[in-house]
Amino acid sequence: MELGDRAGREETMGRNPDVEDGTEPTEVTGQEQQPRDALPPTDGGYQAWLVLAGCFVINVFIWGFAFSFGVLQEYYTTHEPFASSPQGIPAIGTTATGLMYLLMPVYFLGLQRWPVLKRYSTWASLPVVAAALIGASFAQTVTQLIATQGVLYALGGNMLVAPTVTYLDEWFVRKKGLAIGIMWAGDGAGGVIMPIVLQALLSRYGFRVALRCIACAFVVLMAPLLVFTKARLPVPAASAVRPINTSFLMSPVFWVLQAFNVIQGTGYFLPSNYLPTYAQSIGLSSKFGSLTLVMVNLAAALGCVLTGALVDRVDVTAVILAISVGGAAAILAVWGVSTSIAPLCVFSLLYGVTAGSYSTTWAGMIKDVQRHDVNADANLVFGFLAAGRGVGAVVSGPLSAALIDSSGEATQGYGGAYRFLVVFAGCTTLVGGSSWFVRKAGWI
């Protein structure tokens, strides 16, 4: 039974409801009981949309900055003190995004077991993220950037993102796919804003001042959001320890979807990370390089909303196949032959609207897993899917350096330095959509 068919029913902490007859249980907090009918409604009302707006804006900042690393990568590789040893620079961005994805199951396990930590975690995240960016502004080596802008930023970012995902799961049931799509659209919107802001700050002040300005903006602009971005369900008593159910990890449905999710993630980050550098290598200015990244993220924001609406209505594997074929075609047929700004812009838009919305399909994957395991916790499934993408992100860092052929010339398209990178990204994107064929074969 799909979540979309459960009108009037609700989930508690990501689980399927225990009742089917419309009689709603009570929530216990401390010594009091609060009837569910006293709670705000799901899937609508100003409070639900306000929480969704908060989740969107938080993603604009946290994920938007992480996904805009291509601008910083181009700066680091052409400016001292990092230009003289640029080999580890790609690992900065993949460490940040990869760790944020990889550690999500750990955060969700902790929040499920001790729900009272949610509010503490969100408020504690801001000084950690600020410390990461300010620390990076003092870096003198690539290793120091990896430790601060990579590792510490990921730890602080997850302290904020993970609780807000659980809030969204409580506020949206029938429209969960759309809600997750809008939340992920914040990544794309941030990817539109951040490259422009970073490019302006970097060109005028350099990376040290730029990172300090971003850190201050994060604290000042995100702190007010935390006031109304909150849980819908009362938090259980602090002494209550909730049991953890990971039975879905025994489900073949989960592992099939996860396998293709990992494969897609291995190549997904490569175009975004290398577009500014690629643009510069074919003779375009750094501003045009940043523009391509902006276009990818703008298209991804639109793609996430559309894909989120689709997975509430259509078999998720069909949606995955469609966006995977579209993303692979954009890479192999357009990026692979781009030697000027026009085709590069076309690629950026096509890739963003298709492959850029892949993570939105997690809402549909969660429904599939819960159809086979009614006790599966939506937040934990989400966390493990995120970890799968994190594996791909971390692997893609060192792998991308090996795929760049320094003997080629980028102006020759498939004959240039990026040929192996393009082919690898295209193939992994295409294979990432293969769950549809597995379903048609009757294996899931």
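Glycine is no exception: its Cβ is also placed from the backbone N, Cα and C atoms.
Remember, TrEMBL labels are computer predictions, not curated facts.
Features reported for this protein in TrEMBL:
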type     : residues : note
COMPBIAS : 1-13     : compositional bias 'Basic and acidic residues'
REGION   : 1-39     : region 'Disordered'
TRANSMEM : 48-69    : transmembrane segment
TRANSMEM : 89-108   : transmembrane segment
TRANSMEM : 120-139  : transmembrane segment
TRANSMEM : 180-203  : transmembrane segment
TRANSMEM : 209-228  : transmembrane segment
TRANSMEM : 248-270  : transmembrane segment
DOMAIN   : 253-444  : domain 'Major facilitator superfamily (MFS) profile'
TRANSMEM : 290-311  : transmembrane segment
TRANSMEM : 318-335  : transmembrane segment
TRANSMEM : 341-359  : transmembrane segment
TRANSMEM : 380-404  : transmembrane segment
TRANSMEM : 416-438  : transmembrane segment
Among the ranges 248-270, 318-335, 341-359, the one whose Cβ pairs under 8 Å to the transmembrane segment (290-311) are most numerous: 341-359
Intrachain neighbours beyond the transmembrane segment (318-335), with Cβ under 8 angstroms and 6 or more residues off its ends: 260, 264, 271, 303, 307, 310-311, 343-344, 346-347, 350-351, 353-358, 361, 364, 422-423, 425-427, 429-436
Range from 48-69, 341-359, 380-404, 416-438 with the greatest count of C-beta pairs under 8 A to the transmembrane segment (209-228): 48-69
Per Cβ pairs under 8 Å, the stretch of 48-69, 180-203, 248-270, 341-359 packing most closely against the transmembrane segment (380-404): 248-270
Considering the transmembrane segment (48-69), which listed stretch of 89-108, 120-139, 180-203 counts the most C-beta pairs under 8 Å: 180-203
Mean of the pLDDT scores, which run from 0 to 100, over the domain 'Major facilitator superfamily (MFS) profile' (253-444): 90
Surrounding residues of the transmembrane segment (89-108) on its own chain - C-beta under 8 Å, 6+ positions past either end: 63, 66-67, 69-70, 72-73, 76-77, 82, 121, 142, 145-146, 149-151, 153-155, 157-159, 161-162, 165-166, 265, 269, 273, 377, 379-380, 382-384, 386-394, 396-398, 400-401
